[in-house]
């Protein structure tokens, strides 16, 4: 009878000899006398098993332990009750799915000094009792993400001293019993591909030897466990084309009505405000309703409970307010808006003052005046005239120091900042070094208020509020720009600089530097004279609308890309 303890001891001695050490997780460095190691191990195994026959490549001590050296393929004739198998310098080129289905009772499997370079999915399928898996000092450069699937009893895993530059995410999924993992001696590229590994290590109750980085150059020789996952920037975004809406438009606004997101387009050549909604069956945007508005420049929506208002600012024929009393009714004209004051409106904005909704309409006619319209009873009526004779091109409502403010851009002077005081807007200051600004838009980030100022030719600007004044932060070259619009999409603070002569540019705010960095160009298809942008979230997907004056409105979809996958 054979002594099981003697068999296990023989297996351990053979493994120790193959590594030149006495412990399976000894240092991954190669032994100076490594070329002589296999012969010593063969001697030990021969002593334990009895003399092997001439020409044999694999030999075993009955049905418990086996060692193969120099065989051309994986063994097929071992007993199904084999407990330990060591493969040394075999001619196997890859480990395919189900390579060990004939030996389901294995508890220990060791590979060393083999030439195979790939381990495929389910290579160890059927080895539900395997506890020790050592794949060391081989030529492995690639391992599939499901290669270790099904090893539910595995406690010790070593992939030391191979050619692995990265490991696939979820490689260790389902290996809940792991207590020791050795990854040392691999030329890991410490880029986004190892981020998941750095995040995984603190979450497991296992001792993990990670080794050092081989690249990139800035991280070469640094130990993986010294890397900070927070310093990795492994998330990217892109805006890809999704849909075209036929007619040209000057403005686009997003709003929610009865729990459903909508978009309204100001289409001057079609003479209408066009309301779009999502078609769940076709998975695209479709027309819901339109209202007649010849020469419209802005369609500004306002939702108050079940009621929907749309202000249609028009170059000719007078601006109008339309209303929908309820979700089952259609929009209908409600009133004409300040016909003697609004002669050539160029922009309209919504703001709340003292708890009441108001519109401010910027008028670009020298004889007209920018007008504040506030709700009074069923309609909206003039509350204040602002900035007369200055041909205002844009209005922007914002909050500074906890109070409502209004910024007006005009063709004749620098942008002027007004603050709400005593029931009316009073001039507070202007913005220095900001001549020829066509439009302004603001955004907030990290507690600061920023301005995007649009210039048609020259440099558009980014400014930051310092508590008393907007100060120049950044300049970006403009080539025929009528819009420089910030948008917060998901976690990304973007800003899009339109162009009449080239591709429109998308920038993203880098929190560490506090500056806008180039992200991508919009197109193809290229935007033709873009004038406004808006974003909307629909059915878990994020979309960007680009209203173009000389071409159709284009819709792009926002995608998040995980570079660590």
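Residue positions begin at 1 at the first shown residue.
A Cβ is built for glycine as well, from the same backbone N, Cα and C atoms used for every other residue.
Among the features that TrEMBL reports, domain 'LRRCT' is placed at 186-235. Marked as repeat 'EAR' by TrEMBL: 238-280, 284-326, 330-377, 379-422, 424-467, 469-511, 515-560.
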Positions on the same chain near the repeat 'EAR' (284-326), where near means CB under 8 A and six or more residues out: 242-243, 245, 250-251, 253, 255-258, 262-268, 271-278, 332-339, 342, 344-350, 357, 359, 361, 379-380, 543, 555
Residue numbers, six or more beyond the limits of the repeat 'EAR' (469-511), whose CB comes under 8 Å of its CB atoms: 237, 239, 417, 429, 431-433, 438-439, 441-443, 445-446, 450-463, 517-523, 526-527, 529-535, 542, 544, 546, 549, 558, 560
Secondary structure composition of the repeat 'EAR' (330-377) [DSSP: H/G/I, E/B, coil]: 0 helix, 29 strand, 19 coil
Considering the repeat 'EAR' (238-280), which listed stretch of 330-377, 379-422, 424-467, 515-560 counts the most C-beta pairs under 8 Å: 515-560
Long-range environment of the repeat 'EAR' (379-422) - Cβ separation under 8 angstroms, sequence gap at least 6: 311, 321, 334-335, 337-338, 341, 346-353, 358-366, 369-373, 428-432, 434-435, 437-442, 449, 451, 453, 465, 467, 470
Secondary structure content, the repeat 'EAR' (379-422) (per DSSP, counts of residues): 0 helix, 31 strand, 13 coil
